[in-house]
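Take a look at the structure set out below.
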């Protein structure tokens with residue numbers, strides 16, 4: 001156990017477990033809310049939000065298995081380790097399909113993105129299976145659990161070979177996804193900036209208003225790659241440190257590793273899920289409540305409801321317009 005747990009004290013391990021459970025619970029609630037919105041609101045069942053649904057579903061299951069794993073029992077340990085690995089890989093792969101859809105509709109002006117849905121499923125779930133199977137290489141017989149995502153005890157093997165394979169099967173594709181998303185969003189924003197300048201030069205007020213609306217919707221999209229960077233940078237540094245100096249844990253780095261990575265589902269649910277379409281659907285349901293109940297709501301709620309009705313979800317509108 002000294003080799004497995006490094007030089008962390010029992011109190012520090014309890015703190016890391018509590019951080020993991022708390023952060024994963026928030027991600028579970030956030031992603032679960034997006035899943036319920038998709039299942040409950042029929043007007044949200046468009047292709048663009050369907051991708052967000054699968055992203056939230058992957059985040060929800062990744063958070064769930066991060067919480068329920070029991071490293072004291074072999075079966076539950078392996079169930080947690082492999083399930084968490086599978087759904088976390090699927091999560092960041094779904095972000096690449098969203099980026100691809102945005103690029104194809106906005107930059108390439110193609111309206112055939114729905115035809116790629118079977119390929120998206122094959123790409124995401126197939127790659128996740130392959131990465132999870134490859135991860136079993138170097139797995140030591142018996143109880144594994146190098147603290148991995150530190151508090152998710154069963155996610156990383158104890159041996160150096162296992163650690164290297166885990167880095168190859170998770171962090172390598174993760175940073176590949178981050179690079180891909182960054183390039184795609186840069187190209188999309190650059191194109192819309194060019195269109196804005198052209199609209200200004202032509203003094204086409206209608207085009208300017210449309211483009212400004214698109215830019216407003218895309219302002220947050222440019223920051224989406226930062227979600228993965230923020231969630232997994234500390235984990236990447238921690239894995240490299242563990243490989244170089246096995247058995248010597250840095251507690252504060254482990255806390256950041258656990259907390260930020262476990263919050264990925266919450267970050268994704270806020271950034272990808274709580275868009276104008278979701279807010280509009282929620283506000284429309286709130287408007288159906290009796291006046292005696294709605295009068296207790298904040299005064300700004302009505303104005304926000306009206307504003308949400310005028311906002312557009314960029315990808316779905318682009319696809320609908322081209323169809």
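Note that the numbers count up from 1, one per residue, in the order the chain is shown.
Using N, Cα and C of the backbone, Cβ positions are placed for all residues, glycine too.
Please treat TrEMBL annotations as automatic predictions, because they have not gone through curation.
What TrEMBL says about this protein:
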DOMAIN    16-276  domain 'G-protein coupled receptors family 2 profile 2'
TRANSMEM  15-39  transmembrane segment
TRANSMEM  51-69  transmembrane segment
TRANSMEM  81-102  transmembrane segment
TRANSMEM  122-138  transmembrane segment
TRANSMEM  168-188  transmembrane segment
TRANSMEM  221-238  transmembrane segment
TRANSMEM  250-274  transmembrane segment
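Through the fold, the transmembrane segment (122-138) approaches residues 54, 82, 85-87, 89-90, 93-94, 97, 157, 159, 161-166, 168-170, 173 of its own chain, all at least 6 residues removed from its boundaries and within a Cβ separation under 8 Å. Most Cβ pairs under 8 Å with the transmembrane segment (250-274) belong to 15-39, among the candidate stretches 15-39, 81-102, 168-188. Regional average pLDDT for the domain 'G-protein coupled receptors family 2 profile 2' (16-276) in the model is 81.
Scored on C-beta pairs under 8 angstroms, the neighbour of the transmembrane segment (51-69) with the top count among 15-39, 81-102, 168-188 is 15-39.
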